[in-house]
Structures are given as structure tokens and as C-alpha cells.
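Residues or ranges marked as signal peptide in TrEMBL: 1-21. The annotation domain 'Peptidase S53' is assigned in TrEMBL to 223-588. The Ca(2+) binding site annotation in TrEMBL covers 547, 548, 566, 568.
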């Protein structure tokens, strides 16, 4: 991560293919713009061109010959009404669905040979759907892409520098094959991923396991703890029975690590029967693990997934990334952390049934093609049987004044990956009875259209909304969040101290723990895990959710959206009731 090599990714699109047996020489120098920013993105400054000798890794993601095959299959294996429900795919089967057309590879290789990229630098991954070009000089990358890579750093910080270009292009002949190149114009480095919980030292450290259950709760008076959540969401009576097959994973970035000592102390305070809870650490792309430097984000996630799903085995993925420059040597640098993690998962033979991530970026910080590429990779995880869960964000409909750079006025700012239609996005609630947390991220994607599973729920909300906020959001976009859970005043142990934290970084692991218990129930009864959740949640799963009908998510200088009966872009479909959700699974096929 502190070195002199970078990563670029290409995504190739399907098209009608001509016979390339006797091709005319393509106009490789006819470069047409693929994506560009009008100005350097906010909060970034250019430091000049990288030192001579800087190299770059080019990761080339080829779009499938059959463009819709993966998504069509994902819906078939994820919709309980489908005869193929639960027939999740293997790594090899996914690779077959996303395999590129042979002519695409021929065309790309001809282009690379024209630019004298040596064949020894080219390798394939993911069953041939990706290429990796290793050790390409930045000067050659500039020529390939019509780019001008420079070194950038966040203004007013000492953060590691990154290598980016404000615009790039491709030969016109490749535009129908290539969707995106990474890293080019994606400026939201891993420093922007985390949705940081607001922390306050707690004066009282009472034994949470013995605290009485409550029938009403004001988040200003009583801390939320596992006893409250297990009572509220009806998981306390369930005893996991498939711990030999079921796995729950938590992702971590930015050198954020959990502590085993903190987890043990947390369980002694909150759930004494789970005091033996442990976790496995898997390090990806140079991700570290230093238990002497724990972080509240990682501790929060592990403590609450464990407290709900114990004794389900846990994996903590520590992923390095951020593509930084070290001017002292020419050794390779780390790649984009998002891509490094998902590529690692897709290369694995076995993946956890439930995966929780409490990080995100404003969707506007990502080039559309980059977000679409990453979202498609999450679809592959869903097709393989993983329930992929993301927090929805902590800034309501958007942070700041949300004024568009083009002068067109206020535009609400969705969060990504929460806006990806192939993940389950989790918003936040407060109090008992529950109402929407005022910071609960929600809205409508500007990049992804409304998915089929939202064809009833989202239009119903829009009809009630009327013309309010016309022009502020994309009414045809994927709505989020999908569901919610408590997200305020969570008790945690961090570095042997007790704290109270807020945010959808609280609600996402809570939901992940509940989903893991449902997967345990299915596996223990010799059935397949849930996989991609949303077709079920928006179908028969809605009977197992508590509709939240009060509260709103202000932002962008507005009151934001309001929670109403049915789905809304504040709390989604509502909060989970484990017992009722379990009942909806009774008819699932074995």
C-alpha cells in the first residue's frame, strides 16, 4: 500500500460480434472520452505527476458474452416462488455465466500488442472473466487510456497519496466492450469508506446481562445492549444448531481491528453464556491485525454479531488497500480495497453464508461504471448463496447543502454500496416503540434503476410522496434501505473502556446476526441458506417485519423523507421479528 504500483480495471460489455478472422487494423489512436470530471473532485489536491519508473497493475474485468445471464440466474435462485430457489451456484458455474466472448479477448489482446504490452505481463482470473496486466509503466497506461495520471492527496491531511486521473478514454472500437477502468477517476479512497459511529464515554458500566427487559425505551435514557435486541427482535429463545456449517463474516478496512479481550469483556457484561466467543482473522491484500490497537468500528460489529448469533463461527476479514505512493522505492502498491476484498471472496471455493459491511461512500464520489462493476461482483456473491448486508449511511438524504456542481440545485446523495440492488441495505431506528433514526441513510440511486422486487413497494411510496422534492432525487432509481434495526446508543467495549455509539454501523451487524440465525435454522433442517435476501424480503418475508411509520431522515437542508405505512426510504420495509421471519421459511424447499 505504501509503494509505487497501482491497479486499473477494465469491464468489457457484450455486443454483436463480427468475424475477426481477417480484421482491418483498428484505429487504436482514435481515443474517445469514457469518463471525466469537470474539475478535481472536492477535498482533493494534485501534487504533480508520479516519479519516473512508477508502474501500474491493470485489472481488466471482461463483461460476459450473455450480459443478463448472471442477474437472471440470481433472481431465479433467490425468489421463493421460483422452482430453482436455493439452487446456488458454484464458483465454476458463476465463471461460466460471466465468461466473455472469445472475440472480445482477441480484440483486447490485439490492442495490447499494438501498445507492446508483453504477454508475460498478462494473466487471467475468475475463470477468464478478468485479465491482469502486471507492472505497466504509468507512461504506457497514459497512452493506453489517453489519461494524465497525477498524484493526489486529501486537502489539509497527511493521508497517503493516491494516483488518479480526472479523465480517461478508450479507442472508439473498444467502447462497446469496455465499461470502466479502475483506478482512473474514482477519488473516494478507502479513507472515506467508514461510516464512523459517534462515541461518548459511558459513566455507568452496569452488567447488561442482568438488566431488566423494557417495554418502552427512550434512547436518551437507556443504552441498547444485546439483551434489549434479543428481546426486541425475538431471537433469545433460538438455540443455533448448525454451527458446524454456518459462518458469519464481518469485513474491516482502514486498519480497523477487533480485540478478543474486548469481546470477552463485552460478553461478560452483556451475555455471560457467550463468554467463550472467538473469531478467525483473515488478512487480505496486506490487511493488518494488531489486537493491541483495537478500533470501535470493528469491535462494534464483532460484539453485536457475536452477541446475537453465538455460537456461530465468525470470520473477520482485514483488507488493506487505498493505492498509495511511497516516493522512497518502486515496489508495488496495494489495490483498491473494495475490489481486493470481493475478488478474494470470488476466488474462494467456500464463502460465508452471511457477510456484514458497515462502510460506504457517497454514490456521487464514484464513477458510474465503477459502481456498476462492483455491484455486479456483489451479484456474483449472492448467486453463490451469500447474504450480503451493508449499512445505509449516517447522513439521512445527504450531507451538507448537496448543491450539484452543474448549478442545477439540490440533489439528494445516495450511499454506495447500499444503493446497489444486489445487496441488502440496512437503515436505523431509535426508541421503543421504534421510529426512524434521524440519521438513517436512505433515498434513491442515481446509477441503478428500480429492481423488479421493488416494483410494488416503491411506487406505492412515490404515490404518497407526490411532487414533494421533485428534481431532488431519481424517482426511477433503486430505493434504499431495505430493512432497519436499532442504531442509537449502543453499549460497546473498546480498548478495555465502555462507550456508547450510534449509526447504521450498529443496525447492520444486528440484522446480520439475525439473518445468520435464520440461515442456521435452514441449514439445521437440511435446507439451503437464504442467499440474496431482497426477493424474499419484498415477498413473503414482509410478513416477518415490523413496519415503522414515524420519523424522518433530514439532510441536504431539507426535512428528508418520512417513514410511512409500507416501504419508505428511511426504514425500508421495517425491522425484523425473528420468530415471524422463521415462520415464513417453513414452506421453503428442502
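Quick reminder: no glycine exception, Cβ is built from N, Cα and C everywhere.
Curation does not apply to TrEMBL; its annotations are automatic.
Since this is a predicted model, take the numbers as computed values, not measurements.
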Same chain, 6+ residues apart, C-beta under 8 Å of the C-beta of residue 548 (Ca(2+) binding site), given in sequence order: 429, 434, 435, 436, 484, 563, 568, 570, 571, 574, 575
Env. residues of Ca(2+) site, Cβ within 8 Å of mean position of 547, 548, 566, 568 Cβ: 549, 563, 564, 565, 567, 571, 572, 573, 574
Number of other Cβ atoms within 10 Å of the Cβ of residue 568 (Ca(2+) binding site) across all protein chains: 31
Nonlocal neighbours by CB distance (under 8 Å) for residue 547 (Ca(2+) binding site), same chain, sequence gap 6 or more: 565, 566, 573, 574
